[in-house]
Amino acid sequence: MESTTNPQGKTACLVTFGCQMNKADSERMAGALTHLGYRIVDESDTADLVLFNTCTIRDNAEQKVYSYLGQQARRKQRDPHITLVLAGCVAQQEGEKLLRRVPELDLVMGPQHVNRLSDLLERVAEGEQVVATEPIEILEDITKPRRDSAVTAWANIIYGCNEGCTYCIVPSVRGREQSRTPEAIKAEICELGASGYKEVTLLGQNIDAYGRDIGTNLASLLRFIHNAPGIERLRFATSHPRYFSDELIATCAELPKVCEHFHIPFQSGDNEVLRRMARGYTHEKYRAIIEKIRAILPDAAISADLIVGFPGETEAQFENSLRLVDELEFDALNTAAYSPRPGTPAARWPGQLDDEVKQDRLQRTNRLVAQKAFERSQRYLGRTEQVLVEETNPRDRSQVVGRTRTNRLVFFAGELAKLRGQLVDVQITAARAFSLTGTAS
């Protein structure tokens, strides 16, 4: 096909749905396309190649993908030279069925094939309609990602998931856990430091399960990469309570580059719901982890995920989740109404709740979350916080925005050209639920 045999001067648009893992995958695919000669653009309606990197965690995200894809399919009917690619978790889940649903697609590829994009496009160029969803050993990164930020970067350290949560489709679409070697990870992070990046977030579906397949663990990796030149801050996400060990907590407290922010989903505050979710811990175990973190790192920020309206969840069980939110006082909480995913055990269970019930519980939860986050934010007032400047405030061009070590957004007056990538001491003068305002010291 013309758009892939000679991509020089042609344009490509990547539309990304879902989690940080997907965003990191899109950066790598954008790097591959740039290496091939494509110019990355934001406008999908005029691009020569359009790639959708998809999410299947919830039904509304999946339906949004099909809506966008339908628009591009109609466009391709008018202009056959366009190349259409569907990547990510929807591609992995649906596979060849997508070609029957959207015959205009040129390439369907699962998350494990991200680093093979260039090779797969060569097959498309030869006239083949390609489906790449078979399980493979994930190739080590061979193409430099085209990163969206010049200050902060993501680095995947473990792919896949070995858990069996009854509501979750991720293990079947991202495969079994595959850890990258510590040496490969450190090489990538050292390269980021040499390129001027200041902060790296290590990524994995269950990041604290890192190394189980290669005889190491996340605490050891953090110690191994900690001295990477140029890198000022390290973060990691997303953690599973089952693997958040005392050793990991102690290591985070010991290493000055590791930020005091931990994202540890709990999903429910009721033990019976947790059992049916197959999460592998109790709410008491979860509370103990948070207590240990705050005992060693009193100012640590904790964020989490919560699902309301799981099949069979009673009002009393939901109130147990509210009680946990109230008592643990999270700095941020991602909330979602349960969405049945085809192929998961919970989707087939009786006791599916009405949407009205789920939405009512979601709204009640979100009101409490905002209240608690606002209360937590007040501790910053009058303090001086070190802020890593990332970009201009899109709502006020006279301000820049960055993040504290605890991942709070901070807005203050300044010029991005002078401050981007700098660590600036900012005195906090106003505190909202999820952001702060201050004055540079």
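Cβ atoms here come from the backbone N, Cα and C positions, even for glycine.
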Do you know which of C13, C55 Swiss-Prot groups with C19, C89 in the [4Fe-4S] cluster 1 site? C55
Including all protein chains displayed, how many Cβ atoms other than that of C161 ([4Fe-4S] cluster 2 binding site) lie within 10 Å of its Cβ? 21
Across all protein chains shown, the one of the binding-site residues C19, C55, C89 with the most other Cβ atoms within 10 Å of its Cβ is C89
Per DSSP, C89 ([4Fe-4S] cluster 1 binding site) is which: helix, strand or coil? helix
